[in-house]
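Here is what TrEMBL records for this protein:
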type     : residues                       : note
DOMAIN   : 281-374                        : domain 'Transglutaminase-like'
ACT_SITE : CYS289                         : active site
ACT_SITE : HIS348                         : active site
ACT_SITE : ASP371                         : active site
BINDING  : ASN411, ASP413, GLU460, GLU465 : Ca(2+) binding site
Amino acid sequence: MGNVRELGPISLCSPCPGLRVTEVDWQRLRNGTAHHTQEYPGSNLVVRRGQRFTFTLELNRPLESEETLIFTVETGPQASEALHTKAVFQTSELERGDTWMAVKEAQTENTTTFSLASPPNAVIGRYQLSARVSSRRKHSDRKLGEFVLLFNPWCPEDDVFLDSEEERQEYVLNDSGIIFRGVEKRIRAQGWNFGQFEEDILNICLSILDRTPSYQDDPATDVSHRHDPVYITRAVSAMVNSNNDRGVVQGQWQGKYGGGTSPLHWRGSVAILHKWFKGRFKPVKYGQCWVFAGVMCTVLRCLGIATRVVSNFNSAHDTDRNLSVDKYVDSFGRTLEDLTEDSMWNFHVWNESWFARRDLGPSYNGWQVLDATPQEESEGVFRCGPASVTAIREGDVHLAHDGPFVFAEVNADYITWLWNEDESRERVYSDTKKIGRCISTKAVGSDSRVDITSLYKYPEGSQKERQVYSKAVKKLFSVEASGRRARVRRGGGRGLWRDDLLEPATKPSITGKFKVLEPPVLGHDLKLALCLTSLTSRAQRVQVNLSGATILYTRRPVAEILHESHTVKLGPEEEKKIPIAISYSQYKEDLTEDKKILLAAMCLVTKGEKLLVEKDITLEDFITIKVLGPAVVGVAVGVEVMVLNPLSERVKDCSLMVEGSGLLQGQLSIDVPSLDPQEKASVQFKITPFKSGPRQLQVDFVSPHFPDIKGFVIIHVATAK
């Protein structure tokens, strides 16, 4: 028996005198196992739509053969059958998949077991169940209790059906994951605790739906749309950020986090959602793209929609929908912030959810892009998606929702303009095809990185890729009836012809690249070289203007740390290296928590040729985590963490911040002793797992002297014998 509810006598108003319900057994264990909802805590029954669940009524006398129970389920305010938020039905032996139904499974004396099933397109959310006995006289329903109904990826008739048990385990039931960050050449894995089965999280996720502007304006109609994953995911995309609706997380990209928490200090979604809920829906400070994606993944997995986190490296933010990221630089390759509206982020993180697109047709079923990071408005609200990944790959950018923005994120051309003092501009040769690299997500059942770039676009430079790009351009840019070409306005009053955007810059007679001579380590000097190679059989002179800056992951410069010029004479087909050294003292004060530096070399060749060479660097750090023995539910096990002071100075006031769903209740803070320059230290502590299966333990090495150093380990917890 599971979750027995003693009601006290509830009369069902039978014509035969005195029929009363004395207990309701919701059979939480049996239903939880069958519906894959046993991990949700609390006393409420949680089930999935399109699937039977059972409960038992204890009556004060046997149910007579001529007596039939009539059940009523309802959700939301002003529930009505017309809006499909209320259903009235009686026990029947006939199974119908398109409506609510009840079957009397068994009866022994005063105990009767029923099974109820919802249609696979039922509204999800909190339901009330009531019942009465059929008779000629009109009697009011008597409340039996409440349950929560979720989407059902195990049900073939549900729009969110996913036909792979391994993927359902990963994308619905896994409560931890990995978010990939860094730069294209140095991708780093960061652990994230989704925690969808933690205390109160389901209640909070349902509360998010009730805080949407649509619900506030017309709650009955809003609830009636909650059968549709397109509607739900679009609403959640808007509510996870706080720009329009006092949503969950407030974004901050300026590198200043006073009055809140740095985005890099969050290790999961649970603390964020609890803070928002307990703070009476005041937005939580602060988040950046991976935080928005992590929280959204928690909410959608919790509601039963298969969801994963996706990272796009060299991600375009195209503000004007011209499929071009236009960057304006000065003669040292430094970005001119007041002229450059578009941007290319080192990486950007969004979500994909799996469901059918009845609004678009079956060709566009499957993974759908959703992005809660507030970048651009969609129909007046900061949200993005769902956009079909198939539609993005095929260039069908006209389809709902927000196809042009997502297509640009992975396909835009990267155009560099040299802005001269007389306000003229010149196209600079650079890598135009660097957008949308190494699109990554966590592998099913392992910590590996899977490259899913091919789901978003055909191979770069292939005939099919160019055809799709041209198709997208034609759908975005209409030719006016007079035959004039469509024009795209830029900031500052400049206008770019679309034809100009597609014309490549003149290829210079030299090539260039930055080469890292030693691994770039936090706290150490940086040693690199700019390698220039002549492609001609004649000698030439090159003016090289070097600049370097600490940056945010959005590539927004924070402070300049390098500014120097060189004149290089290159012989025929000769290669030369310009050594570059940046001391720790040059960058230590201005390094952000992103630990990123951008180097640029503007190379001015004789005959007016121009080449821009760029290099994004992420500084490396060190932490190792080791579990000292087998992990078993209810048994303490030791953990050893090895940390390193990366600096050439003594540091103190350091600590370890530890978190892990199913391993720890809340967060654990452990002091780390003072560390001499470059000193390693071992810190040991114990944890007592309380859930079995693969569990993620996150450990951050936190110091006021340098950015957080983050690590995680997967611990396989066995059930106690």
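Any Cβ shown, glycine's included, is placed from N, Cα and C.
What you see is a predicted model, and the numbers here were worked out from it, not measured in a lab.
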Closest of CYS289, ASP371, ASP413 to HIS348 (active site), Cα positions, recorded positions only
CYS289
Cα-Cα, whole number of Å: CYS289 (active site) versus GLU460 (Ca(2+) binding site)?
26
Within 10 Å of the Cβ of CYS289 (active site), how many other Cβ atoms can be counted across all chains shown?
27
Can you tell me the CA-to-CA distance separating ASN411 (Ca(2+) binding site) and ASP371 (active site), as a whole number of Å?
17
In the structure shown, which of the recorded positions ASP371, GLU460, GLU465 has the fewest Cβ neighbours within 10 Å?
GLU460
Looking only at the domain 'Transglutaminase-like' (281-374), report the model's average pLDDT.
96
Based on Cβ atoms within 10 Å, give me the single least packed residue among the recorded positions HIS348, ASN411, ASP413.
ASP413
The domain 'Transglutaminase-like' (281-374): DSSP-derived helix, strand, coil residue counts
18 helix, 40 strand, 36 coil
Distance from ASP371 (active site) back to GLU465 (Ca(2+) binding site), taken between C-alpha atoms, in Å:
24
How long is the line from the C-alpha of ASP371 (active site) to the C-alpha of GLU460 (Ca(2+) binding site), rounded to the nearest angstrom?
24
With a radius of 8 angstroms around the mean position of the C-beta atoms of ASN411, ASP413, GLU460, GLU465, what other residues of the same chain does the Ca(2+) site pick up?
LYS433, ILE435, GLY436, LYS457, GLY461, ARG466, TYR469
